Amino acid sequence: MLPQKQAEEVMMSSLTQTVEREEGEEVKGDDNSHFSFKNFLWHGGSVYDAWFSCASNQVAQVLLTLPYSFSQLGMLSGIIFQVFYGLLGSWTAYLISILYIEYRSRKEKENVSFKNHVIQWFEVLEGLLGPCWKAIGLAFNCTFLLFGSVIQLIACASNIYYINDNLDKRTWTYIFGACCATTVFIPSFHNYRIWSFLGLGMTTYTAWYLTIAALVHGQVENVRHSGPAKLVLYFTGATNILYTFGGHAVTVEIMHAMWKPQKFKYIYLYATIYVFTLTLPSAIAVYWAFGDQLLDHSNAFSLLPRSGWRDTGVILMLIHQFITFGFACTPLYFVWEKVIGMHDTKSICLRALARLPVVIPIWFLAIIFPFFGPINSAVGALLVSFTVYIIPASAHMLTYRSASARQNAAEKLPCFIPNWTVMYVVNAFVVVWVLVVGFGFGGWASMANFIKQVDTFGLFAKCYQCTPKVLPSNHTLHH
């Protein structure tokens, strides 16, 4: 037992030294006068950077749709599902981090260098389980991140409309698509240090604005809290919360950006605990104030009276959605760079030019499906369920299915898991629950709701859920 423990320590020490050496080579040559300022803002890789990245990325525009989910689920179910899926998401993020460490430690033994190369989830799956798993991981991960980016564009148009309704939401989508395309100039997750910090501050402000504004506003007249009223709405709301805490499709890229990636294991859990302080109070307060009105208003901003505080929240969320768009798109940029052979290129301008084709389909899909709210649930059921819940749990079970793999694991079991049998039981529960409830019932409900939106508003809807503008009467014009 002692030799095994010593071997683990040597392995982790070797991994840390290799990562630090590669990171040191990246910044070598920078002038000392630039180090304190440039690296402070631009070059992140600490545990705190990873925490800010996870927390900021996890609670983006979905913060505005959680009251809508509460109106579908009811107050009690909404709270239970938030806590349950938050913990479930933290668990699978932990599994992904373990598999990354396992993959990287095996490659370190083979003297493989990852200088100028960002490890991604599908490469971890290929290295541990073979090419078939690579194809599965690549398909689900890329499709999820594609639609995750689409959702951010839709949210931008939905939010700005509440400040300036002179343009319809589709036109705003055109404008923000061009703005978000500038994320092609951000090289990697190392360079999101200041953005992650600012992004979390923006969502914190917005969450507490929603909470306080709803409480100050009070309950609307004859408010009703009838949820859950229909089974289809119940599972639609549940899958939106599944989507909320399934933002760890970029976990591997965030880990790779760390100087000591083996310290990531519990970061996602700590980030989730903080996110609870934002999502629970705001969703509870807004649902308490407006009740069933939220069933027809998927964006919480739409029911709160316009004020300087609300406009500030809208603007901050717009900036944050730009940041989250970059988070979701950056792994897609990496994949595209590897496909066309540009991933090792050091020129930021050349890489940015090569990345632009990735933005075009995202832009187009945001114009076709502008259904803010329902699209979250559809993506959650059909893509998030597999990408960040079923595949990581299944991959972990298969990676350590042999006794030798368990004995030589790069990371030992966590202190709260007594043995491998319990580990397999927990992972099997995750797979079965998400497959049946998330993908099965959730897929049925979210697609039924999504199809209803298409039938009601049509594809390429010019202004989804916009209140019709009242034209002045003939008497008013004459007067």
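Yeah, the Cβs are placed from backbone N, Cα and C, and that goes for glycine too.
Among the features that TrEMBL reports, domain 'Amino acid transporter transmembrane' is placed at 43-436.
What TrEMBL lists as transmembrane segment is 79-101 (among others). Here the transmembrane segment (79-101) has long-range neighbours at 15, 54, 66, 73, 119, 121, 124-125, 128, 237-238, 241-242, 244-248, 251-252, 255-256, 261-262, 264-266, 268-269, 272, 275-276, 279-280, 283-284, 388-389, 392-393, 395-396, 399, 410-411, 414, 426-427, 430, 433-434, meaning same-chain residues at least 6 beyond its ends whose C-beta is under 8 angstroms from one of its own.
Annotation source TrEMBL lists transmembrane segment at 138-160 (among others). Within the chain carrying the transmembrane segment (138-160), a Cβ under 8 angstroms from the stretch's Cβ atoms is held by residues 60-61, 64, 120-122, 169-170, 172-173, 176-177, 179-180, 249-250, 299, 301, 314, 317-318, 321-322, 324-325, 328-329, 331-332, 335, 361-363, 365-366, 369-372, 375-376, 379, 383-384, 386-388, 391, 464, all 6 or more beyond its ends.
As annotated by TrEMBL, transmembrane segment applies to 172-190 (among others).
Summarising the annotation, TrEMBL assigns transmembrane segment to 197-220 (among others).
Residues or ranges marked as transmembrane segment by TrEMBL: 232-255 (among others).
Sequence annotations record features per position, and here TrEMBL assigns transmembrane segment to 267-290 (among others).
Per TrEMBL, the feature transmembrane segment maps to 314-336 (among others).
What TrEMBL lists as transmembrane segment is 348-372 (among others).
Per TrEMBL, the feature transmembrane segment maps to 378-400 (among others).
According to TrEMBL, the transmembrane segment annotation covers 421-444 (among others). Below 8 angstroms of C-beta separation, residues 88, 91-92, 95, 232, 235-236, 238-239, 242, 377, 380-382, 384-386, 389-390, 393-394, 396-397, 400, 413 of the same chain, each at least six residues beyond the ends of the transmembrane segment (421-444), sit close to that stretch.
A contact between the transmembrane segment (314-336) and the transmembrane segment (378-400) is absent, since fewer than 3 of their C-beta pairs, 6 or more residues apart, lie under 8 Å. Most Cβ pairs under 8 Å with the transmembrane segment (197-220) belong to 267-290, among the candidate stretches 172-190, 267-290, 378-400.
Residues 26, 42-45, 53, 118, 149, 152-154, 156-157, 160-161, 250, 253-254, 256-257, 318, 322, 325-327, 329-330, 333-334, 348, 351-353, 355-356, 358-359, 362-363, 366-367, 370 of the same chain lie 6 or more positions beyond the ends of the transmembrane segment (172-190) yet place their CB under 8 Å from a CB of it.
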